[in-house]
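Undergrad: Okay, these came from Swiss-Prot:
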{"type": "DOMAIN", "residues": "125-276", "note": "domain 'PA14'"}
{"type": "CARBOHYD", "residues": "97", "note": "N-linked glycosylation site"}
{"type": "CARBOHYD", "residues": "124", "note": "N-linked glycosylation site"}
{"type": "CARBOHYD", "residues": "319", "note": "N-linked glycosylation site"}
{"type": "CARBOHYD", "residues": "353", "note": "N-linked glycosylation site"}
{"type": "CARBOHYD", "residues": "380", "note": "N-linked glycosylation site"}
{"type": "CARBOHYD", "residues": "477", "note": "N-linked glycosylation site"}
{"type": "CARBOHYD", "residues": "553", "note": "N-linked glycosylation site"}
{"type": "CARBOHYD", "residues": "628", "note": "N-linked glycosylation site"}
{"type": "CARBOHYD", "residues": "654", "note": "N-linked glycosylation site"}
{"type": "REGION", "residues": "714-746", "note": "region 'Disordered'"}
{"type": "SIGNAL", "residues": "1-23", "note": "signal peptide"}
{"type": "TOPO_DOM", "residues": "701-746", "note": "topological domain 'Cytoplasmic'"}
{"type": "TRANSMEM", "residues": "680-700", "note": "transmembrane segment"}
């Protein structure tokens, strides 16, 4: 037997074994030749959205969407708000704004038409990873004669105006989205090549960014994601979200290759795999509403897919009391259906008994507090002025305390921060021939003395060195006698002054006591009755729930009292009415779970802590989890992860409560033992192509020759693109000898 015939013999033995194994239905169901992947397509038009047929930069532009997916509706978030998306220069752009971008992936009446489709992914039997599936088309027009191009469409959009490079009318302008989930096993990849915009999110993170219209020449419009580089956790379920738009003539290309095992956790009521209910518009809901009620969309899985959701909307009446505070009560506005502050609620009414003092309310300041109308700061010395409110004008009026002239025998003046200084009017006219007295009504009186003798020359009575102790001539005998008058009285009836008489001038001196202020925000004052110093603190605003502060430069400022007790499980508030506790109140904090997938409890140090719920599971080979989109517990098959997922797959056994790992059969050539590779005797590269290339195809090739293989290829709708994929046509695949080529061409 020649060398070629020996190789062929060993190969046919191996091939027969493969054919027998592939007849096993369990293996075929594990890795079917085809998978239908559900997608949603929105037909758009340059007439409804100017982002389509926009100037073509013919290059990928990154950063058109944000790195994080909008988890509320699993849609990409436009990068730039109301601004244009950037392009290669300032004068051109590829997206107008967030409003035009919105209709790419959201239902919008008269702007887009929603079409449900599925893409058939085919297992790549020539790959060294049996999990690889691909979808490829160089004429990707999945909604030709649909949407705006459908015969039944009678709207304003012009039909059949966009043609491909061969002149055939095509439905060029659409956006596609695919939502699924997967259990990360290890070794998965996702590759794409095509036009135009493509974004891929895994675990809500952007992992492939191919934005803007572009062609597929060279490396343009292609990229790959290796999931092992994403920091994913094996056996954990992750969301997968794929977005694709065809925005520009004249070609449409798509090539997707992936080993990710897509699953659909649920279908929403719109019939979309892992959809977020985008078909729902609450304004279209059917039913009656209370005065302040409004409609909300149903829960994603509350009704069966494609059931008319308009009859199943939720009626929601807002509980406005949840927004109430001490100062603000809320009520529902029937027009806006929103909670708004009540204009009738006056919590501080009657709290003030003066029109010069306003009763105000501020929750940060503890509720009701009193605020004075503006005062004259030049008259704020209460030792000199008494303030009163003019209730008619609601203004402060001031009366000087030391300007009382009802007693003309008493002289009064105000000493700042010490009060009134009162002294007896000095009625001495220095005339010994008068009797000096004082009337409180008229003041000083000087009555002449009859038969008064003038002072003789040389009388020394007026030459006293102490002018506070006055001497004057005896009006009846002025020769030698002097009359000693009473020492001058300098008592001003104010305990805050030191009263003395200046002997040289004879004037009274009433010197204020020195009182020192404690800080720059205080004024030192003396009590005119006791003579004791008092400190008047200007920063006391009289509000229990504020902390009165004084800055270094003497400016008063006020901080809300936090009443912090150091316990994160209490709600600490301050109310001015709680005088017994200094205003502070500490009520228990109620921790609400953020959704039905969580429970919540309070930790004194951390506050409210969210804990995922444990969903019940009925068997070892099932796992359960709470889905963040539906907020419900779901069940899935337990993933069994082999050491090398490209060579083995895992099967869960409920009886043994263990995962069983089996080799793929036929085993990919890269996974074969050295003995098998030697027995086949084919170069490693060629054998890889032959062994994994599909046992059915190889069987036809081996036993039916070229014609049998070509007939099978034709029956598969040209899924194999070139004749060179037939091993009978390739003498040296990957630099190795092909025994089938030699045997069929000898």
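Even glycines carry a Cβ here, placed using N, Cα and C.
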Undergrad: Could you check which of the glycosylation sites 353, 380, 628, 654 is the closest Cα neighbour of residue 97 (N-linked glycosylation site)?
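TA: Checked the glycosylation sites 353, 380, 628, 654; minimum Cα distance to residue 97 (N-linked glycosylation site) goes to 628.
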Undergrad: If H, G and I count as helix, E and B as strand, and all else as coil, what does DSSP give for residue 477 (N-linked glycosylation site)?
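TA: Where residue 477 (N-linked glycosylation site) sits, the three-state DSSP reduction gives strand.
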Undergrad: I'd like to confirm something. Which of the glycosylation sites, 124, 319, 380, has a Cα closest to the Cα of residue 628 (N-linked glycosylation site)?
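TA: Looking at Cα distances from residue 628 (N-linked glycosylation site), the smallest one goes to 319.
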Undergrad: Counting Cβ atoms within 10 Å of each candidate's own Cβ, which of the glycosylation sites 353, 477, 553, 628 comes out highest?
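TA: The largest 10 Å Cβ neighbour count belongs to 628.
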Undergrad: For 319, 380, listed as glycosylation sites, tell me which one has the smallest number of other Cβ atoms within 10 Å.
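TA: Counting other Cβ atoms within 10 Å of each of the glycosylation sites 319, 380 gives the minimum at 319.
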Undergrad: Between residue 353 (N-linked glycosylation site) and residue 380 (N-linked glycosylation site), what C-alpha distance do you get in Å?
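TA: About 21 Å separate the Cα atoms of these two residues.
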Undergrad: Give the distance between the Cα atoms of residue 553 (N-linked glycosylation site) and residue 654 (N-linked glycosylation site), rounded to the nearest whole Å.
TA: 78
Undergrad: Please name which of the glycosylation sites listed here, 124, 319, 380, 654, is nearest in space to residue 477 (N-linked glycosylation site), Cα against Cα.
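TA: Its closest listed neighbour, by Cα, is 380.
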Undergrad: Tell me, if you would, which residue among 97, 124, 654 (glycosylation sites) has the fewest other CB atoms within 10 Å in the structure shown?
TA: 654
Undergrad: If you measure residue 380 (N-linked glycosylation site) to residue 124 (N-linked glycosylation site) at Cα, how many Å is it?
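TA: For residue 380 (N-linked glycosylation site) versus residue 124 (N-linked glycosylation site), the Cα atoms are 92 Å apart.
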Undergrad: What is the separation, in Å, between the Cα atoms of residue 319 (N-linked glycosylation site) and residue 654 (N-linked glycosylation site)?
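TA: Cα-Cα distance, residue 319 (N-linked glycosylation site) to residue 654 (N-linked glycosylation site): 49 Å.
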